[in-house]
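**Q** The structure is given below, and queries will be raised subsequently.
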Amino acid sequence: MCTADATGPHLRRRRPPVGGGGGGERTGSSAADESGTPTIGKNDGRAAGGSCIVGPAPTTDPPPVHSSGVDFYPPSTRYWRIGRKWYDFTDFLHRHPGGSEVLLLLRDRFEDCTFAFESHHLNYKRARKIIAKYEVDESVVESHSSKDVQRRRPGNKTANGGVVGEPPELLDDHAFYSVIRRRVADHLRESGYPSGEPKLECKVLFWVAFILMVSCYAWLLSSASVPSAIAFGLTSAWLGAFGHNWVHQSKYRFWAYLSLDMIGFSSDGWFREHNLQHHMYTNTPWDNHYEGTAPFLVTDPTIERNWIQAYVLPYVNPIILSFGLYGNYFFNLTEMIKGNEKITPWKAVLPLEIGIMAWRWGAWRGLSLMYLSHAILCVYYFTMALMNHNTEKCLDVSKRNSAKDWGEAQLHVSADWSVGLPFHRAFIYLWLNYHTVHHLFPLVDMSHHPAIQRILIRTCKEFGVEYSVKSPLEIYRQMVRTFGTPMSLMEEITVYGGGI
């Protein structure tokens, strides 16, 4: 029975519902591989805006599950929902090319798998055929309802005022995102990289960045000089850019540990929150970046800013961002203690790096130099990441809500610059300048982005889909402005916008 009931790269501090003080008032991870998981499309009987609970409603609803501070209500602990149909992938888990972990995360930590399925299968027709054999009838789902823990979303709103909306259906072959997926799949196959795996130059540059970062830390440890601290910060940012790339690709998960965890982040956390939250629900309340810098830098486009948030904090954003690594670290550590994150020995790397410097050079000098390195890393990386999603057009809620499909929605919430740069020169922007392509095809390695960019521009022209590129200075200016000015005041963000 379906009942209709009436959430980086950031500082990781959750903003409470605001009504004064610090906040302003409300006025209104690799997911799958190329031949892996699939989908189809039959209506599950859900009323518009409702939340589907199959079987009799439990007398006491279980509490929500948490992912990076966002509450989710997975509708089943046994079945996966894709395109409003139900699937049992229990026997498929060990055969999934992207690994079993991502499938279990999608079922047990989130509410719907459709966007993740669509965005991680370029050969979507083949993927849909594969999963068809795992489809289960709604009557089967109902028969297991007594054994299945089901969570009922309390109403059709997110915790901070967004609208959940109706679960998405699968796209037809004529949709913008279907067409561009087929074109990119053809290009990659003709290029000899059918799954979008990294080119040799990307792998070589990664190891160069890794060796440089380790060497710069050794230089810093031996000299305690300002130039060595600056070099360590810059090379850490470059290594982090590779970590952002590897965390999307299951085959290179260990390289993600060598990249992200070596500089203080959690690749396990990123695998879930970045791949399955940020990418799937960009610039919505389910995006873990949505409140990541609040209350210091407000990125929610629908709420008022107080005087300090509007006229002071946006202009000192580099100071705020310089503490981003520490905010991320302690947020993740807290979630680990609560049982919401994996316990991993990689968590010891950052305190060891800091502790060795303090032991070698004394607390004041050692800690000051480590802060300088980490500040450079954070300001460099987080500035680029924030520029990707905080321009005026990225925060136009009405355009995102009205997008015809998930792919078009990604064009509305992503910003690009300097897209003519070849891959080896785009390191200056940490390879984030082709960000729309990355969001459309998260599984495809960044070494393919320049070529796919041309396919994107051509397809947008054919479909009349708005796509624009601006200078990095203009995007930075708009980002600072949007920190202090709500772009969509009194509007409601639909989480599943662009899904039907």
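Along the chain as shown, residues are numbered 1 onward.
Cβ from N, Cα, C; glycine included.
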**Q** Transmembrane segment per TrEMBL: which of the ranges 228-247, 248-267, 408-427 is that?
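**A** It is 228-247 that TrEMBL describes as transmembrane segment.
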**Q** Quick test of the contact rule: Cβ under 8 Å, at least six residues beyond the ends. What residues does that give for the transmembrane segment (228-247)?
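**A** For the transmembrane segment (228-247), the sequence-distant neighbours (Cβ-Cβ under 8 Å, at least 6 residues beyond its ends) are 29-30, 198, 202, 205-206, 209-210, 212-213, 216-217, 219-220, 253, 255-256, 258-260, 262-263, 265, 267, 270-271, 274-275, 369-370, 372-377, 380-381, 427, 430-432, 445-446.
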**Q** At a C-beta cut-off of under 8 Å, are there same-chain residues at least 6 beyond the transmembrane segment (368-387) that contact it? List them, or none.
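**A** Contacts with the transmembrane segment (368-387): 8-10, 220, 224, 226, 228-230, 232-234, 236-237, 240-241, 263-264, 289, 293, 297, 299, 317-318, 321-326, 353-354, 357-358, 361, 415, 417, 429-430, 432, 472, 475-476, 479.
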